[in-house]
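I have placed the structure first, in the form of structure tokens, so that the comments after it can refer back to it.
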Amino acid sequence: MTKLQTCYPKSATSSKVGIERDSHVISKFKPKIRIIHIYAPEIIKTDAANFRELVQRLTGKPEDKGRDGSKSKTIPTKYPMDLNPNKGMNMIMEEEEEGGGEEFMNLQNGIRDLFSELRELVPEHQERVKKLRKEHGSVELGKITVDMVLGGMRGMTALLWLGSAVDPDEGIRFRSMTIPDCQKTLPGAFPGGEPLPEAVLWLLLTGKIPSKEQVDSLAQELRSRATIPDYAYKAIDALPVHAHAMTQFTTGVMALQVQSEFQKAYEGGIPKARYWEPTYEDSMNLIARLPSIAAYIYRRKYKDGKIIPMDDSLDYGANYAHMLGFDDPEMLEFMRLYISIHSDHEGGNVSSHTAHLVATPLSDPYLAFAAALNGLAGPLHGLANQEVLRWIRSIVAEFGTPDISTEQLSDYIHKTLNSGQVVPGYGHGVLRNTDPRYTCQREFALKHLPNDPLFQLVSKIKEVVPPILTKLGKVKNPWPNVDAHSGVLLNYYGLTEENYYTVLFGVARSIGVGPQLIWDRALGLPLERPKSVTLEKLEALCGKSS
């Protein structure tokens with residue numbers, strides 16, 4: 001017999017009961033509520049003695065008596081049952097029993113959903129954090145130097161970030177898994193394909209490797225959440241078409257904030273221990289809706305303005321490419337790779353740290369992510385990949401062809417450096433070797449476009465730049481980073497508008513930021529408030545130590 005599991009309502013925003021995507025349920029938290037989700041017809045095995053009880057639970061008909069002898073009743077749903085097997089059917093029942101009795105059953109072709117997986121992990125992680133603070137709160141993690149204070153806090157350990165960590169030599173690890181590990185282990189759209197972004201989302205949020213069935217189920221859930229209200233499009237349309245794509249993107253995200261579940265739940269008096277639940281709803285809704293918003297901006301700004309609807313048969317990354325106007329299977333596969341490798345890069349980068357910081361005073365995920373996008377729009381962060389492509393194009397313009405000698409390329413690199421500019425796409429604040437995100441894109445190019453002239457120029461740049469930068473001795477990492485390659489691949493498949501590239505980055509980054517915001521609330525991480533120091537105070541402290 002299918003086992004019923006404890007669940008709590010995901011929203012606390014209205015006293016009305018609803019099953020529509022944009023409806024809000026339950027204004028006051030009543031721990032006696034039991035929610036049953038049935039997503040598709042399923043054979044449920046049970047014995048004769050329990051058959052009557054099972055039917056009563058699944059149909060919402062009242063039982064004669066509760067488990068402790070108390071009577072139970074059914075609250076009728078506001079909407080008729082949806083017989084479409086691709087949509088959820090919600091039945092909400094309230095029992096007149098105290099202390100416990102809450103049960104949850106999620107049946108989607110027998111597949112356990114992401115929320116259920118997360119709900120089991122939260123108490124364990126809460127205890128781990130509680131133990132760390134109680135038993136090891138005074139353990140020192142390192143010293144703070146003047147260089148750290150004046151150098152952008154580089155090397156200062158000061159943030160908790162669950163999803164990923166950057167090793168100076170190995171690069172990014174998603175929940176301890178390298179990019180090659182993810183490529184080998186996480187489900188793809190087809191055997192041997194690049195990791196699906198939905199699989200990366202599952203991994204970052206739970207630390208577990210999902211099955212292909214779980215990933216497909218999550219993809220379906222995200223599609224069901226992806227409806228965009230008209231006023232979000234109207235907010236974007238209020239801007240000039242020539243407004244930067246990131247300005248339009250942030251505006252769209254802020255318009256979506258009107259539907260924040262967290263804001264409504266907080267105003268309704270949600271207990272602190274359950275902040276993570278509406279944060280989960282907001283984060284999942286935001287992640288689901290970003291590709292549609294981003295694609296609308298692209299079509300509005302660069303094409304004919306005609307919206308290409310979502311394809312219910314496609315996964316997250318492929319659907320984004322499709323809505324942009326690209327249906328080449330190779331482009332769909334590259335978009336899956338692009339989103340996956342750009343999703344997270346530990347918590348200290350500008351966009352991730354900004355989202356965390358803005359969320360600490362309990363700003364909802366929409367507000368936090370909009371702030372993150374504004375950080376991502378900076379030339380030293382998310383604009384880097386478009387700067388790389390522009391620089392590569394300037395080389396081609398200088399010589400009239402991408403097919404140049406290493407000597408010509410070396411001269412041009414010195415020319416760039418002597419003009420006071422940096423070589424875009426090289427160096428990194430943490431990494432001290434070639435970025436594995438660069439490497440996996442290079443492998444993709446070698447497989448799909450080995451003879452592309454710009455790809456061959458990128459390969460030549462990798463040979464010439466590091467020795468020059470090493471000889472100058474002014475950089476700690478002369479090796480290529482993720483931005484050194486992505487623009488050329490996007491350009492090859494027809495996405496040539498480099499001013500839009502940061503929007504792609506923003507869509508991808510939501511898959512890393514969203515899970516962390518959920519964990520921030522689940523673990524009760526406090527308001528971030530570091531201590532600052534004046535220049536005079538810093539000089540005085542240095543005087544005392546000398």
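A Cβ is built for glycine as well, from the same backbone N, Cα and C atoms used for every other residue.
Confidence for the domain 'VQ' (38-63), expressed as mean pLDDT, is 53. Sequence annotations record features per position, and here TrEMBL assigns domain 'VQ' to 38-63.
For 59-87, the entry in TrEMBL reads region 'Disordered'.
According to TrEMBL, the compositional bias 'Basic and acidic residues' annotation covers 60-71.
Annotated active site per TrEMBL: His381 (among others), in sequence order. Non-local contacts of His381 (active site) by the CB criterion (under 8 A, 6+ apart in sequence, same chain) comprise Asn349, Val350, Ser351, Gly375.
Note on His428 (active site): other Cβ atoms within 10 Å of its Cβ, all shown chains, come to 22. Look at TrEMBL and you will find His428 (among others) tagged as active site.
Around the Cβ of Asp483 (active site), 26 further Cβ atoms fall within 10 Å across all displayed protein chains. As annotated by TrEMBL, active site applies to Asp483 (among others).
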Rounded inter-Cα distance in Å - Asp483 (active site), His428 (active site): 10
